[in-house]
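S.K.: Swiss-Prot lists Cys97-Cys189 with the feature disulfide bond. According to Swiss-Prot, the topological domain 'Extracellular' annotation covers 1-25, 80-100, 159-195, 260-272. If you look up Swiss-Prot, you'll see 50-57, 121-139, 220-236, 293-314 marked as topological domain 'Cytoplasmic'. Swiss-Prot lists 26-49, 58-79, 101-120, 140-158, 196-219, 237-259, 273-292 with the feature transmembrane segment.
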Amino acid sequence: MEKRNLTVVREFVLLGLPSSAEQQHLLSVLFLCMYLATTLGNMLIIATIGFDSHLHSPMYFFLSNLAFVDICFTSTTVPQMVVNILTGTKTISFAGCLTQLFFFVSFVNMDSLLLCVMAYDRYVAICHPLHYTARMNLCLCVQLVAGLWLVTYLHALLHTVLIAQLSFCASNIIHHFFCDLNPLLQLSCSDVSFNVMIIFAVGGLLALTPLVCILVSYGLIFSTVLKITSTQGKQRAVSTCSCHLSVVVLFYGTAIAVYFSPSSPHMPESDTLSTIMYSMVAPMLNPFIYTLRNRDMKRGLQKMLLKCTVFQQQ
C-alpha cells in the first residue's frame, strides 16, 4: 500500500483580500474605520439603553445583546486582518486559527438566533399585546439569551473539534482574510464529507430554522397590521418592524450566499464580498438603522448626550 508523507501544519497563511498590496493597505484603513464605527455605534446603543429607563423592555434588552454580539463578531476578524496587512505578517498559528473559527461561528450563530427572538418579540407585542408582559418577562428573556449562548458555543465547539481532527498535507495557504469553515475544508487532505454534512444539517438547522420563524412571525404580523383600522397604528407597527426586517434581509441574504451555495477551491470574489457584507457591513449599519429609524432610541440618545453635556459644564 502506498504511503504518503504527511506534514503537520503548525500555522496557516491568510492571503487576505484578492487585491494588490497597495489596495490591501487602503482596504485595511477602510476596514479599521468600519470597525471603529461598529464598535462605537454599538457601544452607544448599549449605553443609551442602560441610561434610559424607558428603554428597559424586552425589545431593547435583545437589541443591547445584539449590539454586544456585533462588537464581538467584528472583533474576531477585523483587528487580526488589519494587523496582518500593516505588518506584512500573514501567518496565524493552528491554535489561533481554531480559536478564531470557534468565536466566529459562535457569534454568527448568536446573531442569527437573536434576530429570530427579536422577531418573536415583535410578533407578541403586535399580535398579542395583552399577553406581552406575561410572555416576555425579564426572567424569561435572561434565561432565553443564556440558552442561546449555550447552544451557539456547543455548535461552535462541534465544528472546531471536527476541524482539529482533519489532516492538512497539501497546502497551508487560506484564500481568505480569516479562518472560516469552507476555506479550511478546501485545504484538508482528509475526507471532509462528514464535516460538510454537519454544516448543512446542524448549521442549516441553526440558520434556516430561525429564518423560517422570522418569516412566519412577520407573516402573522403583517396579517394583523392589515386588520388595524387606525392609520397611525399601522404606521407605528410598520416602523417598529422595518428596522429589524432591514437587518434580517442584509444579514441572512449575504450569509446564505456564502455557506449554502456552491464554492470553488479558491474562494471567489463574490463569496469574499458576501462575507464582508454580513461580517462587517451589517454590524456597522445596525446602530444607524436602529437609532435613525427608532423614535424611542433617538429620544434616549438625545437625553443621554444632553446629560453628558450638562455634566461636563458643571
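Glycine too: its Cβ is placed from the backbone N, Cα and C atoms.
These numbers come from a predicted model, not from an experiment.
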S.K.: For each of the disulfide-bonded residues (Cys97, Cys189), count the other CB atoms lying within 10 A of its CB, then report the residue with the highest count.
M.R.: Cys97
S.K.: Sequence gap of 6 or more, Cβ distance under 8 Å, 3 or more pairs: do the transmembrane segment (101-120) and the transmembrane segment (26-49) meet that?
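M.R.: Result for the transmembrane segment (101-120) with the transmembrane segment (26-49) is no.
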S.K.: Take the transmembrane segment (140-158) and find every residue of the same chain, 6 or more past its ends, with a Cβ under 8 Å from one of its Cβ atoms.
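M.R.: For the transmembrane segment (140-158), the list is 58, 61-62, 65, 101-107, 109-110, 113-114, 117, 198, 202-203, 206.
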S.K.: Between the stretches 26-49, 58-79, 237-259, 273-292, which wins on the count of C-beta pairs under 8 angstroms to the transmembrane segment (196-219)?
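M.R.: The listed stretch sharing the most Cβ pairs with the transmembrane segment (196-219) is 237-259.
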S.K.: Where, among 58-79, 237-259, 273-292, do we find the most CB pairs under 8 A to the transmembrane segment (26-49)?
M.R.: 58-79
S.K.: Please state whether DSSP places Cys189 (disulfide bond) in a helix, a strand or coil.
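M.R.: Note: Cys189 (disulfide bond) is coil by DSSP, not helix or strand.
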S.K.: Within the same chain, where does the topological domain 'Extracellular' (80-100) have neighbours whose Cβ lies under 8 angstroms from its own Cβ atoms, ignoring anything closer than 6 residues to its ends? I mean 6 or more beyond.
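M.R.: Sequence-remote neighbours of the topological domain 'Extracellular' (80-100) are 9-16, 24-25, 27-28, 31-32, 35, 160, 163-164, 177-179, 184.
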